[in-house]
Amino acid sequence: MKHVFSTSLIVSLFVIFTDAQTFQYSRGWTNGKRSSPEQTAPSRTLLPHIPLGMDKPDEECRLLIQRFLKSPCDVRLANAIVNRNKDLLRDMADDVNDGTALLYDPVPMVDTAASEDVRFKRGTPDRRLLNDGMHRL
């Protein structure tokens, strides 16, 4: 009788935890709060902690920084913020609007080759094939 009670207790707790987790993730609840339909950008979290070098940045500069912080891997953005150069920030905005800005430097990736194990494990294409396709363009 003891085994039946303990087994039924374990199974019922498992069902309760599974249903609670399914309800939590299927309804959009995270950490006890309802997730907002609006996507939370990282810039809202990071913007107050960035030293801008200006007591009150103008609205255009603030909006540009928020826009660029959505893709924080751009090294030029970090340099612009560190150097507090508003002109460089506006030039970057022009580059993004023109479609000429890169979020990363492709040169280090050209000469590196992924090992066979990693390449086949992740299903990534061979870099040599990608480079050949880029040279044809």
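Glycine is no exception: its Cβ is also placed from the backbone N, Cα and C atoms.
Summarising the annotation, Swiss-Prot assigns signal peptide to 1-20 and lists similarity to another entry as the type of evidence. Taken from Swiss-Prot, the feature pyrrolidone carboxylic acid applies to Gln21. Taken from Swiss-Prot, the feature asparagine amide applies to Asn31, supported by similarity to another entry.
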Q | the residue listed as 'pyrrolidone carboxylic acid' CB neighbourhood, other CB atoms within 10 A | A | 10
**Q.** Conformational class of Gln21 (pyrrolidone carboxylic acid) under the three-state DSSP mapping
**A.** helix
